[in-house]
Each structure stands twice: as structure tokens, then as C-alpha cells.
Amino acid sequence: MSRVVAADDNMTSPFFTPEFNGVSGRASSSPTFAQLLQNVGDTTRRGGHHDQHHVDVDLTSPDQSVPFVLSFTDLTYSVKVRRKFTWRRSSDPGAPSSEGLFSSKTKTILNGISGEARDGEIVAVMGASGSGKSTLIDALANRIAKGSLKGNVTLNGEVLNSKMQKAISAYVMQDDLLFPMLTVEETLMFAAEFRLPRSLSKSKKSLRVQALIDQLGLRNAANTVIGDEGHRGISGGERRRVSIGIDIIHDPILLFLDEPTSGLDSTSALSVIKVLKRIAQSGSMVIMTLHQPSYRLLRLLDRLLFLSRGQTVFSGSPAMLPGFFAEFGHPIPEHENRTEFALDLIRELEGSAGGTRSLVEFNKGFRQRKAEPRTQTGLSLKEAISASISKGKLVSGANTTNPDSGSNPGSTIPTFANPFWVELAVLAKRSMTNSRRQPELFGIRLGAVLVTGFILATMFWQLDNSPKGVQERLGCFAFAMSTTFYTCADALPVFLQERFIFMRETAYNAYRRSSYVLSHSLVALPSLIILSLAFAAITFWGVGLDGGLIGFLFYFLVILASFWAGSSFVTFLSGVVPHVMLGYTIVVAILAYFLLFSGFFINRDRIPGYWIWFHYISLVKYPYEAVLLNEFGDPTKCFVRGVQIFDNTPLVAVPRGMKVRLLATMSKSLGMRITSSTCLTTGYDILQQQGVTDLTKWNCLWVTVAWGFFFRILFYFSLLLGSKNKRR
């Protein structure tokens, strides 16, 4: 088939030169950027030998059939829409007079959509809002759950399994989901680390990224951060091209895009479509949704598919539009944008009594009269993929075909490009790089911890060993432990901001969910250690707690375990709660309940039996009891001597002499000698009074740490079950 390059000459990359051709040595006007790496080694070789059989295909010959054809037939997708609660009167005299009903109806999103897309083409799906554009892209990209979608989608006549489709395709979401503090080059390099195999050296990955930067026209912005609302970065058009670059780093055969020009000005939109045109000409198939393209954009499109309420109202090349609407009785006026006219007419028909039924029926007849000969590839899927790999595409799919794999071309595709530990290292490096460039976030959290510690230290400065000092210690410990959990609430928006980046990356197996959870935990530890050390140093020495250096080290470990458990708990909630404000509300409420049942406000022995279970699942209980055991664990240390026994009674106001005489009277009655220096209450007695007798201080510490691991495991399962990328 012939291909017309509509991109401007100034979009030509200096890397695209005729001498690079990976198949037969002939000049090629638009080689893939993977071929540019052949001067440092063939990306599909291992040990100097090809891993697969290559099929020699000359795409420049007019007689040669197209290597890839994506066909879709009778795609139908419906959802159940639940209506509001309504009341209906019963016709049965013996039945109640009325009953409440939750009625539902079935809404058809796609209704018998058929068509095809060819290698080297850009296919644009257009229509009004709610016409089914994005749903069709999701259907073709295998983003609709099995059983929900009816119809067939085949590539070269063969149904793609999920594993194969992930290896040879890419899906670019409508929103630009990027880390704001990474540069363009770093963003693409991290994508290369995730998607390209470990067998490809770092220098070759870097060279691929550099070639991609030139192909995307991002050379001038390569070292500029992406930016966000608070940090100046690249422009909107450049952000969109970076988003595209992330997903085409492995040079896929199929590229799906949802509204790639949404929110861009005409110049930026044109530059994005030019990039997509060049990607298509490099041997990819580009299918995207588009909203009212300009005349210049229309020249770059090869095939249009107009939808209206889930049905096809036009399918063909842009050149067919005038003849189509002229035969329909609505000729396109001269000098008017063809797509704008078509969309306006479709909207007008949708608002009429008959809807677009007449246009749908006319399109069926028009397609029969003007039917193009069905494209024949002449190649099996296995042969076509092998031919693409030999031309430099699918770098991460070098094992996509194997002479021993039989007829199934996806039998030897690795699920992930890299081993677990490589993913872990890359994820940790990316997260730390992004966080390091936002020091104000950690600075605010550290400042909050320092201020809280300073207030506690000055409020409870150098407590004595009197009965009042004991009560003040209990209050200090309860507030300190609850504070460590509340300050962890800032971890809530971290994953909520990364959620869609995570979903995009794991949709095509960039890395394992377990790698993400573990790296997320490891990256959080250094900051938790710093916060714990700062808080422990201020409060331990300021309040004058017992135990010396050993006591301080244990106190520090308890604070660290509290931060760890609190951070894990909040991280788990971020995996199940979709909104920040809702998450904060839940965190504050649950932590308040944990404090209530910790044993500070009411002893364990006084908690009603029907609430005692909450006492044992309280995150605050275990670190609170650990610091109590650390402080009052010395059986020789005395906290109530002689007349101090009256301090928490109405007799506290009695003169000291009277208290001494009362002690003498009590001594005679009890048959034991009690003086003003006699120890009446030790630390062990205080622990007994508080009901802290079940666990040792080390057991309390290990339980707190275990809670942290437990919530990290729950976070993993929330990602496994709650971050599906498919429609139901």
C-alpha cells in the first residue's frame, strides 16, 4: 500500500537516514528508531545469534501485502444502568398497597461495530460525547473484561491473548500521568528501564531514549522537569508527547490513544499528530479517538470512523467524506472543515425524531457499494511479528516468537521484562529522585514532629517521681503515641496521586505489584528513621524518662515502630479510598477510636466485654504499653513514698504533721511500720493498676512492627484486586 507523508520536513529527525534498514539493506525513508541502535549491536541478538527466525518482507514493494491488519467484527458492549428508587402500587389486593423498587435498564454502548486498521495507518475514531469512542478503543485494546464484550477482534486473522497483546501494544491515556519533578529524559529513561529487557545494556537503553527524544521533538526540553501547578515545567504539548513516548519506548506494533489532542492548542495538537504519523510510518498501527480535528490534522489521518450512540455512521478515508454526504443529501460546503460539518450534522440528527437511524442505514449501503477489497496480509501473525522484530521493533519482545513455540506466537513471551530485584531498584530510584526534588514536603513533616516534640518536652519538663508525675507521664505517653500515628496521615495522598500512574504502568506489566509495594516501603524508611530519632531525642531527655541510653534506644525503636505501623495503615487506606478528603476523614476517625481503646482513658479490665476486641486491634495500645513497660519496668524504683499516698485524695490539703500521724495510726492498724520514706508504690504496681501485664515490652514492640507488615500486605492485595484496568 502507498503511504503519503504529510508531516512537515522540519519534523524529520536527524537520525532518520537512508542507510539504516534492518531487513534487506535497501534505503528506507522512515526506519524505526530501534534501527539506529544497530551501530552498537542488534537489540534482538543474544550472543551474536538471532533468537528467532526472521521473515524477509519488503514493505516498499507495491505488490507486497500489509504485514498487520487489525480486524474487528460486530463489537457489542452493554452496561446495566441503575435507576433511582421508585414506588409502585401493587395490583394484588392482598399485597401491600405499594412497594419500593430499584429498577435498572440495559444501555448499549457499542452496537455491532465493525472495521479494520492497517499497519502504517492512523485511524481516528470520532463522534459526540457519549457516542462510544473511548469504549471502542478500550475494546480493541483488550481493556474490557471477558464476557462483557461480544464480537471478534483479530490481528492477521488470529485472536490475541492478553499476554501477547500487552507485549506488542501500548495504550496512552487521555490524562498526562507523569511524575512532576523528573525531567523529560529521566522520565523516558525510567520507562526504558521498566519496559526494555535486562539483556539490553544501559548504554543501548540510553541511546534508544535519545533517539526517541528526537523522534518526539523534545530535544530542547530534554533536561526540563515535567512540572505541575507549583513547579514550572514543560508545555502541554510537550507533556502529551512525553506521555506517548513512555508507552512507545518498546516500539509497539499497536498503539491506542484516548484523545491525544485534548486540551491542546492547534499548534501543539498538530505537532502531536505529526509525531503519531511518523510512528505509524515506522511500522506501527495507530488507533485513537479525536475531537474535531482541524484541516491540517485531517490531512495526516488515513482512516476515519464516526460513531453515534454506539453505531457506525461513517467508515472510510477522509477523501470519501464529500462523496458520502453528497449522496446522503447533505453536501459539504466548499471551504468548510469536513469533520466539523460531519459532527454537526450527526448532532443535529441525534436531536431529531428519527435519530441517526437513516445515516446508519445509508452508511451500510454506501460501504457495500464502495467496499474496498479486504486486506490480505499473506503472513501469519507469528511471521509478521518476526518480520517486525527483524526490522527493529518490539525490543522487549525479542522472544515473542520462537521456532520451538509452535503455532502460538505468545508462548515464550516473558510476563515481565525484568526480574524482581531490578524492578525494585528502579522503582526506589525513581521515587527517591522525585521526592528529593521536593524537600519542602519532608521539611513540613519534620517541622510538625519537631514542634510537637518541643511542646511535649516543655509541657512535661523533667517530671518527678511523685504520684502526679506518674499521671503526667501517662498523659505524655498517650499523646506522644497518638501523635506519631496522626503525623503519618500525610502518606495518604502519596499513592492517591500515583494511583493512575501505577495503573497505567501495571496494565502492560511494566513491573510487579509486589515490587511496587516493597519499594514503596523501603523508600519510606529513611524519612521515618529521621522523624523517629528527632521526636525521641527531644521528648525522652526533655521529659526526663527513665532507662538511660538503653532506655532511650528502646524508646526510639518504639517510636519508629509506631511511625512504621501508622504509615502502613494510612498507605493501606490510600489503596482502598479513592478521594483524599474521604481518606483523611476515615484516618482521623479510626485513629481516634484506636486511642480511645488503647487503655489510657479506661483500663483493659474496665472495658465492656462487647468492646474488648477493639482494644486488642488498637494500633495505639501496643506502643503505649511498650513505653509504659520501659518506664515503669524497674521493680526497685519507687513512685509513692509515705505521705505521698494522700496526694490523689481529699487529704492532700491536710498539714504534713497530720499526715505523719495518720501514717502512724495506719501502721498500728496494719501491724507494719510505715514512715514518710517507706515505698508504697513501685513501677510494677503502676503497671498492675494500668492493666499492662499481658506482654513484655519487646513483645509489644514486635506486635507493633507486625501490624506494619500486616497493613503492607493488605495494601498489596488492595492493589491486586482494586486496580483493574478493564471495564466490567
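Glycine too: its Cβ is placed from the backbone N, Cα and C atoms.
Over in TrEMBL, the protein carries these features:
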type     : residues : note
DOMAIN   : 70-334   : domain 'ABC transporter'
TRANSMEM : 442-463  : transmembrane segment
TRANSMEM : 475-496  : transmembrane segment
TRANSMEM : 517-543  : transmembrane segment
TRANSMEM : 549-573  : transmembrane segment
TRANSMEM : 580-602  : transmembrane segment
TRANSMEM : 701-722  : transmembrane segment
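Beyond its flanks by at least six residues, the transmembrane segment (475-496) meets 441, 445, 448-449, 452, 456, 459-460, 463, 502, 520, 524, 531-532, 535, 539, 543, 559, 562-563, 565-567, 569-571, 573-575, 577-580, 583-584, 587-588, 591, 594-595, 598, 600, 619-620, 623-624, 627-628, 631 of its own chain at Cβ-Cβ distances under 8 Å. Outside the transmembrane segment (701-722), and at least 6 residues removed from its termini, the chain residues within Cβ reach (under 8 Å) are 502, 506, 513-514, 516-517, 520-521, 554, 557-558, 561-562, 564-565, 567-569, 571-572, 574-576, 619, 622-623, 626, 695. Same-chain residues lying 6 or more positions outside the transmembrane segment (580-602) and placing a CB less than 8 Å from one of its CB atoms are 474-475, 477-478, 481-482, 485-486, 489, 492-493, 496, 570, 573-574, 611, 614-615, 618-621, 624-625, 690-692.
If you average pLDDT over the domain 'ABC transporter' (70-334) in this model, you get 87.
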